[in-house]
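Colleague: Structure below; questions to follow.
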Amino acid sequence: MSIPALLQEYIPDLSYYESVYKNLHQNPGLSLQEHLASETAAKELRKLPNFEVRTNIGGTGLIGILKNSSGPIVLLRADIDALPVKELTGLPYASTKREVDGADGIEKDVMHACGHDMHIACMLAAAETLSKAKSTWKGTLVILFQPNEERGAGAKAMIEDGLYDPERHACPIPDVVLGQHVMPLAAGQVGTRTGISGSAADSFRVTVYGKGGHASQPHMTIDPVFMAANIVVRLQGIISREVNPQDSAVITVGSVVAGMTENIIADEAVLKINVRNFNPETREKVLKSIRRIVKAECDASNATNEPLFEPTSSFPFLVNDDDITQKLSDTFDDVFGENHNQNCAPLGGSEDFGTLATEAPNKEGGKGVPSCYWLFGGTDPEVIRKAKEAGRMEDVPINHSPLFAPVIQPTLKTGVEALVAGALTFLKS
């Protein structure tokens, strides 16, 4: 039976998973606090026959293992954490949740603003489909739910907690690792690409030091806000004047914090900086330039101390294996037809997904197995059509926006089909 025919035969009624999705969307959890998502995933996997479920891996991570005779081992991964964003979608199942972020002790609004709730629902429906279709494939299926993707540390934490260690969680060593992400593409579309498919990202906190005092006496102070403002502007010169125009990089200062009131010059200012790029040499160059500029601006302002750099997260480049991606692309052509783009644009964001593959033991005695990560659309095609006609594509909500929420169908169906088809590409071989 062909893979398109298998999908037609075995994918269940998805209305149940629509309700699972809505519940997850309404009850998100911040990174390392994804308790409902983890509990829901474990509960649903345990309903399926012959799934062995192992929990508490790297925190709230878990795996479900379905062994079905000898054959390839395929690992499917979904991330499960939400973001500190106040939802503004107006949906009847919108999140109104607030919780204290264990990372800094601050209470925050919480929203699934990156679509990880959709990833969970798609994965659970895919697990049921592959369980029902056991007679059509051979091998071992591993369903993995990963916490803390948004901070770039969840995959590493699962590895360090013994994900592949036979004495710990004993996850079967995969022959291939597969994953996907919902994006503001037209719902129903799927995109693949070979090679580098996601940017590297480095985030850090920079503290610059001044000398506080009364706002009416600036000559008696060293103003860290003025210092920080010059740094923010000057950093963009790296992109416009130091990075090759044929290359690409992004420097974002996402937060600047200094002082408590308007008539006091603060002692220090804190900048939170995020850097993304697609080239290892550019990555190194940009990071060095940031340090040079921050230090120079501090020297120019006669700062009282050297600036303090504190790394907060780091994501590796996301690299799709050429052979694995080509096999998947052939399958997706059969399943999705003209809705499959074999050369989609790389993911502007970053992912720690690849760590699950690069840190997996391989048959040669080293580390690293092939992987592929694809994108699927979650935006109403009519919304995109109207935005294009109006020349207002910036009005289409993107990931991390308080307005981002995938249209449930056909997004859910497409995500399920892609996961099942991806797994069967190797389990049927």
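Any Cβ shown, glycine's included, is placed from N, Cα and C.
Automatic, uncurated: that is what TrEMBL annotation is.
Pulled from TrEMBL, these are the listed features:
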type: BINDING; residues: C114, H116, E150, H181; note: Mn(2+) binding site
type: DOMAIN; residues: 202-298; note: domain 'Peptidase M20 dimerisation'
Colleague: When the domain 'Peptidase M20 dimerisation' (202-298) is classified with DSSP, how many of its residues are helical, how many are strand and how many are coil?
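Modeller: Secondary-structure composition of the domain 'Peptidase M20 dimerisation' (202-298): 40 helix, 33 strand, 24 coil.
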Colleague: Which Cβ among the binding-site residues (H116, H181) has the fewest C-beta neighbours inside 10 Å?
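Modeller: Counting other Cβ atoms within 10 Å of each of the binding-site residues H116, H181, the minimum falls on H181.
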Colleague: Which residue among the binding-site residues C114, E150 has the fewest other Cβ atoms within 10 Å of its Cβ, if you could check?
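Modeller: Ranked by other Cβ atoms within 10 Å, the binding-site residues C114, E150 bottom out at E150.
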Colleague: Write out, in the order they occur in the sequence, the residues of the chain not among C114, H116, E150, H181 that have a C-beta within 8 Å of the mean position of the C-beta atoms of the recorded Mn(2+) site.
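Modeller: Not counting the recorded site residues, we get D79, D81, L83, H112, G115, H119, E149, N399.
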